[in-house]
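Working notes for the structure below.
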Amino acid sequence: MWKHAIEDAIEKTKANIERYGDLFPHVSENDRYLLNPNDDWTDGFWSGILWLCYEYTGDKTFQQAARQTVESFKLRLEKNVVLDHHDIGFLYSLSSKAQWMIEKDETARLLTLQAADVLLKRWRPKGQYIQAWGPEGDEQNGGRIIIDCLMNLPLLYWAYDQTGEAKYKEVAVAHANLSRRYLVRGDDSSYHTFYFDPENGVPLHGGTAQGYHDGSTWTRGQAWGIYGFALSYRYTRDPLYLETSKRLARYFFERLPEDHVVYWDFNAPIHADTKRDSSASAIAVAGALELLEHLPAGDADRVFIEKAIELSMKGLVETYATIGKPDAQGFIERGSYSVRGGHAPDDYMIWGDYYYLEALLRLEKGLKGYWYE
Ligand code: GLY
């Protein structure tokens, strides 16, 4: 059913390998991806797309290109290029960890473990959280956590599985618990970010960086939560994480617009020009597929979530995908990086493309992406 969409994305990736060379796509401007050397939080997604294409096709062109990106990630770690943030999980799960999963490459495994140690440096024992952005003690961000970080925790859980060293799991669990308590609200919506007193961990207030307002629900944040808590459940089997993922998913999918692809924030006023975030829908679908793997057959929400996955994926493929536009670089249109900040508000997002392809491959072939092994 999804084959046509997958093959279209694979064709585009082949053309993109030529276009991008050693560079990494980020978001687009005028329908062309902006390229950067390996120095942004988004660079793992290109690597992940290449590994997915290789797994699906067995074509060594993709394997070669993917391996080349892992070399680049090795240099990035050696030279410590822009690693002073929490998104180390996005970078190394989809590059070196993917290589280890597919090829059992020992160098890739060791590189991924080194990356987990870099992420661990973001742990702030006084506050009991992983600091998302900025240096330790930073006035604005020193006490701030963000919901996106839930997708970086699998790197720590994996490092625990590999080494048996409790510190990795303890940090991941403490951070997931704090995120559950403060980022998820009583009505199952979520804050994008939350502030604590960095000296003693006293909770201060919620906030946003990319959402409509501090108390709104940024759709991509909600999607990160669906997937992130489902993965915390996979690694820990704590039923509270499963319940939280499910609640976030219900909130998300109960608010789909007519074409089943979400706007950028659940609280943004809807009019003819309101921006979408197709990447949020792609993440939510991939996350809900992970969630479904853990829900018992008789779970009361199963049918609703299955239907929501189908409708959302169809919405993406039929209305947002660039199928039939052979010169397009991206797979899905109308993602938004930051509508609030006027930054790529209606463009391709490389993470949107990654999760779209991951979700398609989960649906078509049962491939699972690179978040757990
Ligand atoms: N993790 C950053 C973002 O979703 O924009």
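Cβ coordinates come from backbone N, Cα and C, glycine included.
So that you can see what the record holds, here are the features copied from TrEMBL:
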ACT_SITE  ASP87  active site, nucleophile
ACT_SITE  ASP148  active site, proton donor
BINDING   ASP87, ASP148, GLY206, THR208, ARG220, TRP224, SER338  substrate binding site
Binding-site residues: THR208, SER338 - member with fewest neighbouring CB atoms within 10 Å: SER338
Do you know which of the recorded positions ASP148, GLY206, THR208, ARG220 end up with C-beta under 6 Å from ligand 1? ASP148, ARG220
Number of other Cβ atoms within 10 Å of the Cβ of ASP148 (active site, proton donor) across all protein chains: 25
By a simple count of other Cβ atoms within 10 Å, which of ASP87, GLY206, ARG220, the recorded positions in the record, is least packed? GLY206
DSSP-derived class (H/G/I helix, E/B strand, else coil) of ASP87 (active site, nucleophile): coil
On a C-alpha basis, identify the one among ASP148, GLY206, THR208, ARG220, TRP224 that is nearest to ASP87 (active site, nucleophile); the candidates are the recorded positions. ASP148
If H, G and I count as helix, E and B as strand, and all else as coil, what does DSSP give for GLY206 (substrate binding site)? strand
Which number gives the other C-beta atoms within 10 angstroms of the C-beta of TRP224 (substrate binding site), all protein chains shown included? 27
